[in-house]
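Take a look at the structure below.
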Amino acid sequence: MKLTCMMIVAVLFLTAWTFVTADDSGNGLENLFSKAHHEMKNPEASNLNKRCAPFLHPCTFFFPNCCNSYCVQFICL
């Protein structure tokens, strides 16, 4: 019983250690928190306020803004 508990604790510790020490080249959490803080100060900067293009409306390949579809040849499909 004690060995099982020790194994569970060891696995949980190693899993947490893997996530903590993982190489995040984009500083994901740091960028996430700073972005959230910026959106609280400026609500217009939130992604929820951005509009998307409906089906068969124009879009750009590099910055697609289609709602629930893909941008194919500058049209939301």
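Residue numbers in this text run from 1 along the chain shown.
Here the Cβ of each residue, glycine as well, is placed from N, Cα and C on the backbone.
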Which of these links to Cys52 by a disulfide bond in Swiss-Prot: Cys59, Cys67? Cys67
Second cysteine of the disulfide that Swiss-Prot assigns to Cys66, among Cys5, Cys76: Cys76
Cysteine paired with Cys71, where Swiss-Prot records a disulfide bond, from Cys5, Cys59: Cys59
By CA distance, which of the disulfide-bonded residues (Cys52, Cys59, Cys67) lies nearest to Cys76 (disulfide bond)? Cys59
Nearest by Cα to Cys59 (disulfide bond), of the disulfide-bonded residues Cys52, Cys66, Cys67, is Cys66
Distance, Cys66 (disulfide bond) to Cys52 (disulfide bond) (CA atoms, angstrom): 5
